[in-house]
Amino acid sequence: MTNIRKTHPLTKIINNSFIDLPAPSNISAWWNFGSLLGICLIIQILTGLFLAMHYTSDTATAFSSVTHICRDVNYGWIIRYMHANGASMFFICLFLHVGRGLYYGSYMFTETWNIGIILLFAVMATAFMGYVLPWGQMSFWGATVITNLLSAIPYIGTNLVEWIWGGFSVDKATLTRFFAFHFILPFIISALAAVHLLFLHETGSNNPSGIPSDSDKIPFHPYYTIKDILGALLLILMLMLLVLFTPDLLGDPDNYIPANPLNTPPHIKPEWYFLFAYAILRSIPNKLGGVLALILSILVLAIIPLLHTSKQRSMMFRPLSQCLFWLLVADLLTLTWIGGQPVEHPFIIIGQLASILYFMILLVLMPIISIIENNMLKW
């Protein structure tokens, strides 16, 4: 009798994706982040569902409904903080996952890579709208500033912004629709993640050496299931350390002040995971230019496969490219720091230089260094 696991239409899909999947024998811990992102998404959907049971998306009661969740609902405080810090863990895993793709040349799977970029945009949109929901000062002013950027679009800008707001400012209509979108997007993200996996399984996983591993494959289960469980335990440990010891470490104290359209906070800034893009936005004095730079800071990932000039796929054996990669990481950390600073003398120029360097590394230096490495190897 043939195994039902391999024949039943439903279990067959699971079997071919997570059990009998042929995987390279040498993939490192950097390949754990895909499954960790899946776990993050599940945590966010579950905690978000329970929060939505008690949350009210009306300007008069939104802030107090979040307070009510934390004070009166059984374990509401832990659900709320798991959701807020779960978003931070989600973005840490996302950045490491994208960084792994850049380092090891995984972007050569163009379909998988492009779906990944769409996923990144979708998760960023979801996180932004989620930050508006508690209706604190940063929620309100963050929503005002970021949606207002769309007014930089020529001709239709102002109409577009007012259409998104549902009025002449961020108000009831805006909050209600943001809640609706924030609820639906994670399910769209789940579907996109399935497509992301579908395309990945067409080619199989890449590996640290960047060399095809068809001659040396091992089954996903038990080798990588147990490895993923270890990764999941470490992820949950880190999340719970944040939630139970320093739940407000990554948040902004201003968001504990109810939204007030008449009082602007001294420093309007987004959550930490958007600061690098916010710094790039602010480093350009022109409004439309800043918006374009902001979008391009993520969209630039889409042309990386076209700029791959090296004869090798991975950076494992390319020390010069490695130096550039880590310079890029340092540059992104610098941008993250600058994004949280006020617009004053030293920070403005540092932000502008870091922004220029970011695009220079990705668009100019990486392809040139790759060609130099090819020539050094007489290829």
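Placed from the backbone N, Cα and C atoms, the Cβ positions cover glycine too.
Quantities reported herein were computed from a predicted structural model and do not represent experimental measurements.
Lifted from Swiss-Prot, the feature list:
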type     : residues      : note
TRANSMEM : 33-53         : transmembrane segment
TRANSMEM : 77-98         : transmembrane segment
BINDING  : His83, His182 : heme b b562 binding site
BINDING  : His97, His196 : heme b b566 binding site
TRANSMEM : 113-133       : transmembrane segment
TRANSMEM : 178-198       : transmembrane segment
BINDING  : His201        : ubiquinone binding site
TRANSMEM : 226-246       : transmembrane segment
TRANSMEM : 288-308       : transmembrane segment
TRANSMEM : 320-340       : transmembrane segment
TRANSMEM : 347-367       : transmembrane segment
Any chance you could find the range in 113-133, 178-198, 226-246, 288-308, 320-340 with the most Cβ pairs under 8 Å to the transmembrane segment (77-98)? 226-246
What same-chain residues lie close to the transmembrane segment (347-367): Cβ under 8 Å, and 6 or more beyond its ends? 279-280, 282-284, 293, 296-297, 300, 303-304, 307-309, 321, 324, 327-328, 331-332, 334-335, 338-339, 341
Can the transmembrane segment (288-308) be said to touch the transmembrane segment (113-133) if we require at least 3 CB pairs below 8 Å and skip pairs under 6 apart in sequence? yes
Among 33-53, 226-246, 320-340, point out the range having the most Cβ pairs under 8 angstroms from the transmembrane segment (178-198). 33-53
Do any residues of this chain, six or more beyond the ends of the transmembrane segment (320-340), have a C-beta under 8 angstroms from a C-beta of it, and if so which? 99, 102-103, 269-270, 272, 274-280, 282, 310, 347, 350-351, 354-355, 357-358, 361-362, 365-366, 369-370, 372-373
Residue among binding-site residues His83, His182, His201 with Cα closest to the Cα of His97 (heme b b566 binding site): His201
Calculate the distance in Å between the alpha carbons (Cα) of His201 (ubiquinone binding site) and His182 (heme b b562 binding site), and round it to a whole number. 29
His196 (heme b b566 binding site) has its Cβ surrounded, within 10 angstroms, by a count of other Cβ atoms equal to 21
Could you pull out which residues elsewhere in the chain have a CB under 8 Å from any CB of the transmembrane segment (33-53), counting only those six or more residues past its ends? 69, 79-80, 82-83, 86-87, 89-90, 93-94, 96-97, 100, 130, 182-183, 186-187, 189-190, 193, 228, 231-232, 235-236, 239
Below 8 Å Cβ to Cβ and six or more residues apart, same chain only. Which residues does that give for His182 (heme b b562 binding site)? Gly48, Thr126, Met129, Gly130, Leu133
With Cβ-Cβ distances below 8 Å as the criterion, list the same-chain residues six or more beyond the ends of the transmembrane segment (226-246) that contact it, or say none. 29, 32-33, 35-36, 39-40, 43, 78, 81-82, 85-86, 88-89, 93
